[in-house]
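For reference, the structure I am asking about is given below.
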Amino acid sequence: GKEVVIANAIIAILTIGGQQLFSFFTFSCPCHVGQNLIYGLAFLGVPALILLIVGYALNNQTWRLVMGKSSHFERETSSNWLLKCKLLCFVLCSITGRALVAPVTWLAVTLINGSYYICAVSEYVPMHYYGAAPNVTASERSRILAAFPCRQLVPPELSRARDEVILLLRYQSQVAGWLLIAVVVITVFLSYCLASCFSPLSFLHFRYWNSYVHNEQELFDEATEQHSRLYAMQNVRKFFGFVPGSESVKEIRIPSLREWQAISGLAFLKRVDKEHYDYSLLHDWALKERASGKYLRIDEDP
């Protein structure tokens, strides 16, 4: 839908901006044999991995999939099992597609920029192709190539060779970046085409279903907010003796020290029976205790 496209575009734009800031303030190639590759790959892969994990964690479908449980009243048949497998694969693909937006954007932008790739593989370029320093040992050649990303460390007689190597590596990096973008775009397009071809719904029916699911979720969230507020209000009224926001409060309840202690502290979700839970200490107190105790009348006139 349009909302998904807009959300993915915002994520991509934020990732591009973050990558530029990250490169400007933190990236500095060590220009040392054996360290360039680790440093460059770390800046390429680690942020992408972190963005992938964050993408999974921020998707509500991930937690719905993890926390969802099948109904005990539903008989497990081969057709139900096959349908669940199809649904699981579809949801996993959907979640993964959304989670890959930021890391793929990061990889594509960093490859097009070329700085990380140049740092990582500079020491592995066949330098003899450029006719520079032909009579040095292999270790010395690697040391010279590793220093190429840092212009100030390169001797003047190797400046031309250094420029040619940097141009070659930047070309390779940018080609890899554009190829990655092309592969992702083609994959997404073909995935949408295949999903549409195998969908049992027509185009307009699919739009209706999408609208229904969206409206149902909005209404459910509104009902959840109102229901939980009304339920919590009953427990708060039992503890304090009045409804918050009421304009005609005639008396208030004075909780005892034992009651204050009962609702204070840390608490986990507590199971009451097979079907119900206590959500908080105040909820647990309201279900167990009677609303007796000391009440204080409030004069209506000041």
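Placed from the backbone N, Cα and C atoms, the Cβ positions cover glycine too.
According to TrEMBL, the record shows the following:
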TRANSMEM  6-25  transmembrane segment
TRANSMEM  37-58  transmembrane segment
TRANSMEM  175-198  transmembrane segment
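Can you walk me through where each of these features ends up in the structure?
Same-chain residues lying 6 or more positions outside the transmembrane segment (37-58) and placing a CB less than 8 Å from one of its CB atoms are 15, 19, 22, 27, 29-30, 95, 98-104, 106-107, 110-111, 116-121, 123.
Proximity of distant same-chain residues to the transmembrane segment (175-198), defined by a Cβ-Cβ separation under 8 Å and at least 6 residues beyond the stretch ends, is recorded for 93, 97, 100, 104, 107-112, 117.
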